[in-house]
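Asks: Dumping what TrEMBL says about this protein:
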type     : residues                : note
ACT_SITE : 248                     : active site, proton acceptor
BINDING  : 50, 93, 94, 156         : NADP(+) binding site
BINDING  : 186, 190, 224, 243, 348 : substrate binding site
DOMAIN   : 13-195                  : domain 'Glucose-6-phosphate dehydrogenase NAD-binding'
DOMAIN   : 197-495                 : domain 'Glucose-6-phosphate dehydrogenase C-terminal'
Ligand code: BG6
């Protein structure tokens, strides 16, 4: 479907044009799409911000961002000059009606110049408190009445809880059609995440074993070495559950657990994902003590550098009760997954940065080899490594070469680096292209967002209403609090990590 863009002139408006997201992600992504010839012949990117910048100042600032953050490294000056002619700055306050009248004029001028249908994308790369103002003004000025060609892109977090997410959905759906609303979850744009569906549904050998008959349990682990950095103010209001689990981790879980869609149509895929969220077992107050764990990092050392504890980070309340680590055990009450635990964990300032989806298969029904041969026995395991290594490993047992019978686990590996020469596009390249093309498959639908909030509300409420007495409960450079080990050890399992020597960045 993506090829259709070539003939579709596009005006791409970024609210928060001088912000971090535009600088690090959005403009480098547009630049790379331009190099790879995905951008239409006629396009304009208008950055909105309050700074007093000329178009040239704006272009110069963005060039620094692209130099630093483009996957291709520093810009090629000639290419940049051609690309940057399409960039414009609008110095104007998002609270003023005149800002939107001016945008209307600019859009009309481009439409007149380019003729035919013009896509208009409104990208809200701003703090959530501005979403309403911007959306209302766009609607009031009738800038998005052409449903087929105008779209509004909303960054996460989408709501702070179920109630606020419902309100935001209601507000947006009152002004725009659902087909115009693109709720971003950047994990869905990652190549390795997109590949989960391909791996499952393009290989006939997967489906027969992808169920409770063969799978023992599933682990989804996203650990980060980074702390909260300069985002303490935002993070202290959010915490790991809102920041990572409600969106990225539950989306990964849905991709692992969904039923095969009939087609690759956006709504068909999203229906199957939302089915998973609906089938997930609800948490009751009495379950929480053995189904969920929270943690907060204390000070420590990471790779030789001393790092502060969470409560000492800028913008964070020194007595904060916010979790920087969360681990949960989920069940999906449906035919395919009944009784199979899904363990999910995420945390900041952990020992390793690694995102892994691990499928642990059941053991062989009968052991036929001599007892001495099984020192390293391990059940089959499929590890989908999302990042930094991009790979899929199927761990199987093999006979170690030699005259005695020794069995040990070996990996059958598909790794992107070794398989493909081409550079992998950044998640935002995929997602921005999809907004321009009008493909919502990798975006969250309103009901999906609400279902995810609904599932987590009992945990959020319990954690908010009860101060943790033992925060901080893990030190930087660890694997999180000890009780997170207990959460999974109680069932006879342990958290799986990739040995450092296996990680190829
Ligand atoms: C963001 C969170 O959505 O995802 C951050 O707000 C987190 O806290 C980031 O660090 C992780 O994204 P990635 O792509 O680096 O894994």
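In case you wondered, yes, glycine gets a Cβ from its N, Cα and C as well.
TrEMBL does not curate its annotations; it predicts them automatically.
Looking at the shown structure, can you explain where the listed features end up?
Replies: DSSP assigns residue 248 (active site, proton acceptor) to a helical segment in the three-state reduction.
Under the DSSP three-state reduction, residue 94 (NADP(+) binding site) is assigned to coil, being neither helix nor strand. Within the same chain, the residues at least 6 positions away from residue 94 (NADP(+) binding site) whose Cβ sits under 8 Å from its Cβ are 15, 48, 126, 130, 133, 134, 137, listed in sequence order.
When secondary structure is read from DSSP and collapsed to three states, residue 224 (substrate binding site) falls in the coil class. Residues within less than 8 Å, Cβ to Cβ, of residue 224 (substrate binding site) and separated from it by at least 6 positions along the same chain comprise 346, 347, 348, 349, 350, 353.
In this model, the domain 'Glucose-6-phosphate dehydrogenase C-terminal' (197-495) carries an average pLDDT of 95.
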Asks: Report, as a single number, how many Cβ atoms besides its own are within 10 Å of the Cβ of residue 156 (NADP(+) binding site).
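Replies: Residue 156 (NADP(+) binding site): 19 neighbouring Cβ atoms within 10 Å.
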Asks: For residue 186 (substrate binding site), which of these recorded positions sit within 10 Å, Cα to Cα: 93, 156, 248?
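Replies: Hits: 156, 248.
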Asks: Test of understanding: give the count of other CB atoms lying within 10 angstroms of the CB of residue 93 (NADP(+) binding site).
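Replies: Residue 93 (NADP(+) binding site) is surrounded by 10 other Cβ atoms within 10 Å.
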Asks: Tell me, how many other CB atoms lie within 10 A of the CB of residue 50 (NADP(+) binding site), whichever protein chain they belong to?
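Replies: The answer is 13 other Cβ atoms.
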Asks: Given the recorded positions 190, 243, 248, find the one whose Cα is closest in space to the Cα of residue 93 (NADP(+) binding site).
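Replies: Closest recorded candidate to residue 93 (NADP(+) binding site) by Cα: 243.
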Asks: To see if you understand the setup: which same-chain residues, six or more apart in sequence, place their Cβ under 8 Å from that of residue 190 (substrate binding site)?
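Replies: Expected: 386, 387, 427.
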